[in-house]
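Working notes, beginning with the structure itself.
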């Protein structure tokens, strides 16, 4: 096998541009909805807003990068000029920041939902209704966490781009991806297992009647939210994993012909990665009633600021 056996797959710039523009509009809609609607001022929606912002960065970065490539091919820019090289490093840093930030946002959402489930379970079983998770996870603390996430992601992104040739950096990058992936999966699996046990305990504690039916509706709503977040995380893994594997292959087997065939699909991996920013808002609209209601007001209410 040689390099000619796997020609590079090219994706038209119009595809990148279309996906980038649509995903940008969708995620900006999510950010504005969370900021403007008081009903969405909760830790979970703030972390989702952060996720949408990171998705926006990824879409804008890759769209702009492909636009620069088109201009360079047309002879309007130097492909290896000093300013172009610096700009390429900036865009790579923003892309890495988006990847790490999306993963960190998902991790923050998983931890937030886990804490909420634990406190809610304890509240039901002990009938200690004075204990509320939101008294601990306040909006102020949420803001501090978001500030730490964005600062840490920016620093890590710059370090990864500057020292990507060092295998230690690639190993740390890979370990972070695997550990955070395993942590999120564990938290969601544990929540679903805990939900089944909790449902049986409440059924035995409350017996029948109105209290039981109200609890079942409330708990069903919480489980629907957890399932939605699981779907979002699954979409993230499917869309980002091929691009992540591509980055690892660059360092692990740069000359292997089989790896070369995988690298020939790079532009398809980029389109799939950008599609994640396109898919998430659609999942929000179909699975989350509060966000769907807010979207409807923003898009169809003539005075949406007053409607919110």
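Every residue, even glycine, has its Cβ placed from backbone N, Cα and C.
Note that the coordinates shown come from a computational prediction; the quantities given were computed from them, not determined experimentally.
Long-range Cβ contacts of the transmembrane segment (12-35) within its own chain (Cβ-Cβ under 8 Å, at least 6 residues beyond either end) map to 41, 45-46, 48-49, 52-53, 55-56, 59-60, 62-63, 66-67, 69-70, 270-271, 274-275, 277-278, 280-282, 284, 291, 294-295, 298. The transmembrane segment annotation in TrEMBL covers 12-35 (among others).
Annotated domain 'G-protein coupled receptors family 1 profile' per TrEMBL: 26-284, in sequence order.
Per TrEMBL, transmembrane segment is recorded for 114-131 (among others).
Counting same-chain residues at least six beyond the ends of the transmembrane segment (143-162), those with a Cβ under 8 angstroms from any Cβ of the stretch are 46-47, 50, 54, 89, 92-97, 100-101, 104-105, 108, 169, 173. Taken from TrEMBL, the feature transmembrane segment applies to 143-162 (among others).
TrEMBL lists 168-190 (among others) with the feature transmembrane segment.
According to TrEMBL, the feature transmembrane segment maps to 226-252 (among others). Residues of the same chain lying 6 or more positions beyond the ends of the transmembrane segment (226-252) and with a Cβ under 8 Å from any Cβ of it are 51, 99, 102-103, 106, 109-110, 113, 117, 164-165, 167, 170, 173-174, 177, 181, 184, 188, 191-192, 195, 259, 262-263, 265-266, 268-270, 272-273, 275-276, 279-280, 283, 287-288.
The transmembrane segment feature in TrEMBL is assigned to 264-286 (among others). Within the chain carrying the transmembrane segment (264-286), a Cβ under 8 angstroms from the stretch's Cβ atoms is held by residues 6-11, 15-16, 19-20, 22-24, 26-27, 29-30, 48, 51-52, 55-56, 58-59, 62-63, 102, 228, 231-232, 235-236, 238-240, 242-243, 246, 292, 295, all 6 or more beyond its ends.
Mean pLDDT, taken over the domain 'G-protein coupled receptors family 1 profile' (26-284), works out to 76 on the 0 to 100 scale.
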